[in-house]
Amino acid sequence: MALRDVLLSVAQTPHRLRRRALVTWTPAQELNEVRDRSGARMARRLEWYDLVGLGVGGMLGAGVFVTTGRVARDTAGPAVFASYVVAGVSALLSSFCYAEFAVRVPVAGGAFSYLRVTFGEFVGFFGGANILMEYVLSNAAVARSFTDYLASTCGVTEPNAWRVEVEAIAKGYNALDFPAVALILLLTVCLCYSTKESSTLNMVLTAFHLLFFAFIIVAGFWNGSARNMVTPGGLAPYGVRGVLDGAAVVYFSYIGYDSASTMAEEIRDPARALPVGIAGSVLIVSALYCLMSVALCVMLPYTEITESAPFSSAFRDKAGWRWASNVVGAGASIGIVASLLVAMLGQARYLCVIARARLVPAWLAKVHPSTGTPMNATIFLGLCTASIALFTELQIVFEMISIGTLLAFYLVANALIYHRYAKVGATRPLHVLLFLLLLTLSSIGFSLARRIDGKWRWGMALFGTMSVAVVAIFHCTAQQGAAGPPSEWTVPLMPWPAAASVFLNVFLMTTLKVRSFQRFGIWSLVITIFYVCYGVHSTYTAEENEIVNAMIHDANADILS
């Protein structure tokens, strides 16, 4: 591109932003002309049971083996199971919103596509980029945890025994994890080959993993003592605040159901399979997470739970059950492989659809004609994930995980309300936007009141009542417009489930540490600059070229006729 063209584009940035930032696409456009930009289409070979298996496999193992020990010891105590209940309720409500959108817009873009058809290009890109960041970081964290459990399987107790420490690199980034990199690269090759075969592999791994879960739960209760749930310090030594703070951290465990929604393009019967697969997998996994966390806490007092491979360590430290440590390590390793497989499926499809929208280079949108998989996106993100897993310690990664997911789920819940109650083709419906603003503000007020010492309970009561009143008034006065639900599956009792999802996601976000918001702010600035400097110009230029080509085509047609 000539320097003159670059300068012209920079000068036109404000105009192009006005033209592109709020532009929306219809579900029909997403399903046809946008999807056609990938060339070959993804093969529709998955059934509803594949989706359930992908949802369960994607969630089961990633979080419970990575975060439970840390949250039980430092944040919630034995009440970590209650943290999983809170996070599970929030994830279930969000999954309902995802399921309806996935039925309405059965494409691989997940939150990116749902937000783009509702709030426009920039909001879609902002939400999609945050989810993509969560995928890459959480997959890197899970891969490093795989090394811990694999070492435990072989009887190695030193956390960094299988990592290479390099003194010349800054602390926190100097424990090079080559087993994690090897696992990610191996899975990348598998995912490039076939989605159906990858799903079959996931089903096999998940079946074995469920057996290990059953072993851990039964053996944990058999070998544990209820006294460990209340000593020392009681069931909730860190109080209600600790339980709620823990819920925001363990929410990372539920990111897998979002992967299931990205399979929408590859499902034979999306209207039937998506609600069952997305919401059903969340319910199954929530129950197992609660049982697993209780099993861990009855085996050891929470103060003795280790940060690295906590389940293996718990069995190893119990007299006569040292052999079980190796079994648990093997089971956790299998579960981590399954969850990584599904999460890497999801992250590649997110990037593929973002590339279809021309917000990142178009070569990332290409679907391989032989395998029917987004091969370029899979390879690119596999290399990015492997690079982070090689250098970055878990604690650093954890500080970025959850906030982007919570924000994206918050936006999807808002989008569902807007989509249900806003009229298509009318001026922007201020009453719906006002409702969403008041609901968000009252949720923030409730959440901040909880963090203020003194008479914070009065603030919580005030803002909690305000939130319920705002939803009740909107429910009684608003009418679903032309953008109402289709004849397929929809979220019942609207707007209450989506409003509750908005409230809980805001609440959980406010429990995260300040450093999480600082790093999230930096990432948000990066993706905003990227959109302004690249995305808006790429989509604007492509749009202008399409208009010109359409005019030439029409002119030629007129001449021939």
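Glycine too: its Cβ is placed from the backbone N, Cα and C atoms.
All TrEMBL annotations are machine predictions without curation.
Remember, it's a predicted structure, so these values are computed and weren't measured experimentally.
Only residues 6 or more beyond the boundaries of the transmembrane segment (48-67), in the same chain, are considered here, and those with a CB under 8 A from a CB of the stretch are 138, 141-142, 145, 149, 196, 199, 202-203, 205-206, 209-210, 213, 249-250, 252-257, 259-260, 263, 267, 269, 272-274, 276-278, 280-282, 284-285, 288-289, 292-293, 309-311, 332, 334-336, 338-343, 345-346, 394, 398. Annotation comment: TrEMBL describes 48-67 (among others) as transmembrane segment.
According to TrEMBL, the feature transmembrane segment maps to 79-101 (among others). Sequence-distant neighbours of the transmembrane segment (79-101) (same chain, 6+ residues past either end, Cβ-Cβ under 8 Å): 68, 71-72, 110-111, 113-114, 235-236, 238, 242-244, 246-251, 253-254, 257-258, 261, 274-275, 278-279, 282-283, 285-286, 289-290, 293-294, 296-297, 302, 409, 412-413, 415-416, 419, 485, 489-491, 497-498, 500-501, 504-505, 508.
Non-local neighbours of the transmembrane segment (113-133) in the same chain are 20-27, 30, 98, 101, 105, 107, 258, 347, 350-351, 353-354, 357, 359, 381, 400, 404-405, 407-408, 411-412, 415-416, 418-419, 523-524, 527-528, 530-531, 535, 539; each lies 6+ residues outside the stretch with a CB under 8 Å from one of its CB atoms. According to TrEMBL, the feature transmembrane segment maps to 113-133 (among others).
The transmembrane segment annotation in TrEMBL covers 175-194 (among others). Sequence-distant contacts of the transmembrane segment (175-194) (same chain, at least 6 residues past either end, Cβ-Cβ under 8 Å): 139-140, 143-144, 146-147, 150, 160, 162-166, 201, 337, 340-341, 344-345, 348, 368, 371-373, 375, 378-379, 382-383, 385-386, 389-391, 393.
The annotation transmembrane segment is assigned in TrEMBL to 201-223 (among others). Within the same chain, residues 50, 53-54, 56-57, 60-61, 190, 288, 291-292, 294-296, 298-299, 311, 314-315, 318, 321, 324, 327-328, 330-332, 334-335, 337-338, 341-342 sit at least 6 positions outside the transmembrane segment (201-223) and bring their C-beta atoms closer than 8 Å to a C-beta of that stretch.
Look at TrEMBL and you will find 235-257 (among others) tagged as transmembrane segment.
Under the heading transmembrane segment, TrEMBL lists 278-303 (among others). Long-range Cβ contacts of the transmembrane segment (278-303) within its own chain (Cβ-Cβ under 8 Å, at least 6 residues beyond either end) map to 51-52, 54-56, 58-60, 63-64, 68-69, 72-73, 77-78, 80-81, 83-85, 88, 91-92, 95-96, 98-99, 102, 213, 216-217, 219-221, 223-226, 228-229, 231-233, 237, 250, 253-254, 256-257, 260-261, 310-311, 314-315, 317-318.
The transmembrane segment annotation in TrEMBL covers 323-346 (among others).
Annotation source TrEMBL lists transmembrane segment at 430-449 (among others).
For 461-483 (among others), the entry in TrEMBL reads transmembrane segment.
Look at TrEMBL and you will find 489-508 (among others) tagged as transmembrane segment. Within the same chain, residues 86-87, 89-90, 93-94, 96-97, 99-100, 103, 244, 247-248, 251, 271-272, 274-275, 402, 406-407, 409-410, 413-414, 416-417, 420-421, 436, 439-440, 443-444, 446-447, 467, 471, 474-475, 478, 480 sit at least 6 positions outside the transmembrane segment (489-508) and bring their C-beta atoms closer than 8 Å to a C-beta of that stretch.
The domain 'Cationic amino acid transporter C-terminal' feature in TrEMBL is assigned to 489-538.
Sequence annotations record features per position, and here TrEMBL assigns transmembrane segment to 520-537 (among others).
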